[in-house]
Structure formats: C-alpha cells, structure tokens
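Working notes, beginning with the structure itself.
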Amino acid sequence: MLASAGLLQTSLIWVAYAVAVALVLLVAIITTFTWQSPHERSVTVSIVAIVSLTSLLATVFLLPVDIALVSSTASAHLGAKKDWATPERIDGILLTLKVVYYTLYSFDALLCLIVIPFAYFWYEEYDEVEEEEGTSGAGARFWKAAKYTLGFVFLVLILFLLGFFVPAAGSGNGKHLDLDYFKRLLAANKGEKALTFGVGLLITLGTFLYTLYTGAGLALLPVSLIKSAPSISAPQLSATIATDLEHNRELQRQIEMRNAGRPDGISQKDRRELDALLREERTLVRRERLAAETRGDGRSGVFRAWTKIQAVFRPLKLLGGILLLLLSILVWASMLITGIDKAANSICKEHCGYILGHINVFQPVNWIFVQSAKAFPVDYILMALLVLFFFGSSITGIATIGIRFLWVRVFQIKKGRTSPQALLIATVMLALIILAINYAIAMIVAPQYAIYGTQTFCVNAPRHPGEQPDCREHRDMVRPCSEVFSEPAAKDVCTPTVMSTFLNRVTINWPVFGAIDFWAQFAFLGVFMVVFVTSLFRTPRLNLSELDEEAEVDEEEGLLASTGRRFGATWGDITGRAKNRNGYGTGGGEGSNGRG
C-alpha cells in the first residue's frame, strides 16, 4: 500500500511534467511563427527552431520535477524518510532523472553544435534560380551544408576529448573536500567528467549572453508592458495623416499652377521641391494604408473585434507590467543577497565555484518557494512561471539589442520580420542563455530550494540503533537539509537534486567555470540596474523613418501609432472616433516624431 502511494505520487509528478512539455511545445510554436518573416519562411528552419526551443525549455522545466521527486521521499514536518522511500526506490528515481537529464543535455548540445548549424547552411545554400533551372539538387545542397557543418563536428570532438583527458582542476586535495558531499561530487567517471566539461563550457558561454540580453530584458519586459499602449489611437493617426496628405497635395497644386504656361518648363528649384513633395506623398499614402489596416478597414469583423478587445484589455497589460516589475525587483534583490552571502560565507570560495553551505541571510525568493511547497503543486507552478519569465526576458533582450558582433548589428530580430538565418542564430543564443538561466535559478535565485527542496532531517537521537530519528514530539529539532551537515541522520535523509549535483560537480571539477559563472551574476545585476533606471526616465519615441522603411519592405504590416496621450488613444480605439487635437502633425520633421 505504501509503495503504491509513492508510485502514485511520483507518477503524478511525471504526468505534470508531460503536460508542461506539451505547453512548452505550444510556446515554442507561437514564438517561432510570431517572430519569423512570412515571406522567408522555411519548413526546415521552422521545425529545427521549434524542436530546439522545446528541448531547451523541457531541460529547464525538469528542475521543478527534480525538486518535487526528491522532496516527495521525505516528510518535511518529521525530518525523516517516508516508509516507501527505500534506498532502492530512491536510487531508481535518481537513475531515471539522470537518464532524462543526460539525454536532454546531450540532445541540446547536438542541436546547438550540429543540427542548427546544418539547418543554417542548408538554408544558405538555397538558390531559387538554380533550383528552377535544375542545376542544383537537394543532394548537392545537402553535401555543401554537411561540409560546412563538419567544422562544428570537430569542435564537439575537441570539447569531448579535452574533458576526457584534461585533469579536473578541482581534483586536488583541500579543506573543502573533507565533507562527504564534496567527495561524492568528485567521484565521477571519465564520461561524466567529459560531459561536465562540455556543459560547463556551454554554460559559461551562455552566461556572457545571459548577462547582456537577459539582464537587459528583465528590466525591459515589464517596462514595455507598462508603456505598450499606443500613444495615439488609429483613428487619430488616420485623421492626422489625411490632413498632412491634403496639405502636401495642396502644395503640389500651388507649384504646378505657379509654373503653368512657362515656356521653359518648371524651374529647377520648384522641380526639387516638387520631387520632395512627391516622395513625401508616397510615404504618407503608405502610412494612410497602414493606419487603415491597423483600424481593421477591409478586414473581417473578427479582426476588428479583436482590435477593440485588445484596446479594452490594455489596462490589464499595464497591471501585468507593474506586477512583473515588482517581480523583477524581488528577483534582483534576492540574487544580490545570495551573491553577497556566497562571496562572504562560501565554505570553499573559488575552489568549488562558491558553493554555499546554508543561507545565512533571509532570501525572499527562496523563502517563497519553501513556503509555497507546503501547498502542492504551487511551488512547481511558480518555478515554471519564473522560468518562463526569464525566457521571455531573454527574447525581449535579443529583440531590443539584436544580434551583434561587438557593436555592429548583424541581424535584427523583430516580430514578423526575422530572417531564417537570424532565427537560427537567435535559437542558438537562447539555447546557451537557457543553460545559464538553469545555473542562475538553481545556484543564485533559489539555492536552498533548488538543492534539497523541502527536505529536512531530525537531529534527535534514535531510540534504537538502525532506526530513524523520531521528532514527532520534538519539532524544534527538525533542521533543513544542507551540504555542510555531517550528522548520520542528514546523510540518510537528505537527497540532493540531480541538477544541483551536476552543476556543483561542474563547478568543483572545473573551478574556473564556477568562478566566471558566479561573478557574472553581479555583472547581470549591474546591467539590469542600468537598463532599468534608463528605461524609467526615457520616453519611448516612434521612429517614423524606420516605419517607412518597413512599409516599403512589407506594405501589409500593421502600423503602431506615435505621440499623444496613451489613455486618450485607448479610448479612441474603443470608440472608433478620433479626438480633436490642435497643433498636431507629422510633417514637422523627425524631431517631433515619437514612439508609442
């Protein structure tokens, strides 16, 4: 009966994970098709991007499952293992988790280093003219892409060989190795050591991207939601453009009338002015058409209804942005507290990647997770939402900053305008960033919860040798599990999560990775603070010249509005009527243009 109860609990956790992966697949599909350019869509690129994002998010979402499974083996109130949690059952649970982890990590590395580069070169080798003439077939295209991908295959082999043969830097003797927990971390075979080296290197590379893109996105995502309402309604924009267009055509008529009947034709000065007015007229006509599409003219009633629904729910986006802003500040403060605590109180400092024995200062995010774990499955839902928040922040950062080499923008990431090459590169960047997010959440954001979950142990001496300690009458003798406790009861009850063990194994075997990953968190906090303060005091403005360039590329793209009052714009979109505003116009030069 007890064994079946344990099986039921673990099965429910895996079922919840399967549901989460299904939702992750939906998120990956929506993300891919939202950002992909419809005119350059590639089936191969779309499939690779969707599979890659699904696999990477599934890897991160395995952390709540890991925590739930190890926590389910112990009673948090009594500090003892449950009756069904025999050593054999626990070993079976940990083995299953290891198999899933290693499979997903290996698959992620395969995607990032082989599959995605192959898809990139496969798309690059496509030539529409050669395809129509039949001079280039799929076979030739395949071999060209495979030839370029061989470089990444050699890179994978070199990484594996380095990890297999190079001695682990943390294998020397030291004071920090006296504890059994750290000895078990070093007790890894050659294959695991090679895998820890490869993953540690990928996490470190991802940490640099995470510091810049996720740090900026964590501040920009809430602010963008708060400032997301267009500053001028679509009806107001249409009225303004119509006025400017009428004024433009009136000036053209005046020039034509002024030069009518001249034997030598129109003067050079008037010709230059007329050409400028004609260019401006074409721009205004495009803006007028785009504004009409934004209003829903010529669209179905469903589209127009959806536009009005979006306008109605803009206040909810404002509220959601405020809540996410508070969450960002809470996460930032928690990470700062953990970082300072680890830097000051780590039991082994840089020798093991600043592993912290136990939390010495109140850490709000970790406390929230530990307390919410009492109401299953609230903590797992919160962890999933936190992962999605970091993931969404990373996308926001990449979209805002773009794909750059040093300070030069190579690719631009925009909704509905991202090229397949940019989408694949962004997918690799997200892959590396997600690995870094995995480290940050487990080691910095909620360290105690991510390592032992809700597990506790009883320090009361057992009545008979071989029995579990009994704290039913001594609840004050129940202690949270920690790496530094050496009591026999702690060794018997406390089971660390597979993820934390793997990450700690990376940092203790390769301390340079641990040191870089740890100190990069302070750079992450600095980037967040700079972007956060800047975005609060910087009024977003609309670059109409940029919109005109987009309109020339794709004249069917909807136009978001520019300057004015946000709440007046919202009401204008709901009612469908333009509000009179004297003195407003778009023809006053680029200096008067604004971004909504």
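Placed from the backbone N, Cα and C atoms, the Cβ positions cover glycine too.
Copied over from Swiss-Prot, here are the features:
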- 13-33: transmembrane segment (TRANSMEM)
- 45-65: transmembrane segment (TRANSMEM)
- 99-119: transmembrane segment (TRANSMEM)
- 150-170: transmembrane segment (TRANSMEM)
- 201-221: transmembrane segment (TRANSMEM)
- 318-338: transmembrane segment (TRANSMEM)
- 353-373: transmembrane segment (TRANSMEM)
- 381-401: transmembrane segment (TRANSMEM)
- 425-445: transmembrane segment (TRANSMEM)
- 512-532: transmembrane segment (TRANSMEM)
- ASN543: N-linked glycosylation site (CARBOHYD)
- 576-596: region 'Disordered' (REGION)
- 584-596: compositional bias 'Gly residues' (COMPBIAS)
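Remark: the transmembrane segment (512-532) contacts the transmembrane segment (353-373), by the rule of 3 or more CB pairs under 8 A. Two recorded stretches are said to be in contact when at least 3 C-beta pairs lie under 8 angstroms, sequence spacing 6 or more; the transmembrane segment (381-401) and the transmembrane segment (201-221) meet this definition. Within its own chain, the transmembrane segment (353-373) is flanked in space by residues 71, 76, 182, 330-331, 333-334, 337-338, 340-343, 345-347, 379, 382-383, 445-449, 453-454, 480, 482-484, 504, 506-508, 511, 513-515, 517-518, which lie at least six positions past its ends and keep a Cβ under 8 Å from the stretch. For the transmembrane segment (425-445), same-chain residues at least 6 beyond its ends with a Cβ under 8 Å from one of its own Cβ atoms are 35, 48-49, 52-53, 56-57, 59-60, 63, 108, 111-112, 116, 120, 199, 202-203, 205-207, 209-210, 213-214, 331, 334-335, 338-339, 365-366, 383, 386-387, 390-391, 394-395, 398, 403, 411, 413, 418, 451, 497, 499-500, 503, 517-518, 521, 524. Long-range contacts of the transmembrane segment (201-221) within the same chain: residues 109, 112, 159, 324, 328, 331-332, 389-390, 392-398, 400-401, 429, 431-440, 506, 513, 516-517, 520, 523-529, 531-532, 535, each at least 6 residues beyond the stretch ends and with a Cβ under 8 Å from a Cβ of the stretch. Nonlocal intrachain contacts for the transmembrane segment (13-33), taken as residues 6+ away from its ends with a CB within less than 8 angstroms of a stretch CB, comprise 46, 49-51, 53-54, 57-58, 61-62, 64-65, 68-69, 72, 377, 380, 384, 388, 395, 423. Outside the transmembrane segment (318-338), and at least 6 residues removed from its termini, the chain residues within Cβ reach (under 8 Å) are 218-219, 221-229, 356, 359, 361-366, 386, 389, 440, 444-447, 521, 524-525, 528-529, 532.
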